[in-house]
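If you look up TrEMBL, you'll see Cys77, Cys81, His168 marked as Cu cation binding site. What TrEMBL records for Cys77-Cys81 is disulfide bond.
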Amino acid sequence: LGRRLAVVAAAGLTAGAAWLYLREEKARRQRARRREELRALALGQGDFQLLDQTGRRRRKADFRGQWVLLYFGFTHCPDICPEELEKLSRAVRLLEQEPGLPPVQPLFITVDPERDDVAAVGRYVQDFHPRLLGLTGSPEEVRAASSAYRVYASAGPKDEDGDYIVDHTVLIYLLGPDGLFLDYYGRNKTDVQIAQSVRRHMESYEPVLE
């Protein structure tokens, strides 16, 4: 009986080890496939050159090695942009409370360069996270940055005061330390859910670019 029990236990251990190996191998293949998909998609892989709220020229390469939460919007947005930037800022603060996690750089890029000059962006970002960087530039530069992230933006008709609304993609993008897109969050995601997702990405992160 003792011998039989030992054989059964050994068989169980072997089966368990095999199951763990197969599970890890499946996860490894999934990660490899995900890296290849990101390489093929190349979302946000192109560079951009814009000005921050201090007038300093910024390129996407300046943020390599950092985790970034990025939002495209405009300073005259009546409600959606402030709500999304507040949510982004809260998510960053939640992550800042966890010791050992790398810092996350919050980033705002305007889709309305006609009105959002350096000064306007500077005033706007003061209402959110203290490390929030606001970027603007010429219409051509802003279009290039928006195009790199597949962001749709279209200015509506002007009213009698010359004011207008810009219809645009409403997403928060997560960029990894290699500068590539890793995930996105729509309006239905809460600050807590975003922070949890970012944490998971940090824990499982593997560089996409060599």
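The backbone N, Cα and C atoms fix where each Cβ goes, and this holds for glycine too.
Overlay of TrEMBL feature records on the structure.
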residue: Cys77; record: Cu cation binding site; CB count, 10 Å: 20
residue: Cys81; record: Cu cation binding site; CB count, 10 Å: 22
residue: His168; record: Cu cation binding site; CB count, 10 Å: 21
Quiz item: When you average the Cβ positions of Cys77, Cys81, His168 for the Cu cation site, which other residues in that chain have a Cβ within 8 Å of that mean position?
Solution: Phe72, Gly73, Phe74, Ile80, Glu84, Val111, Val166, Val170
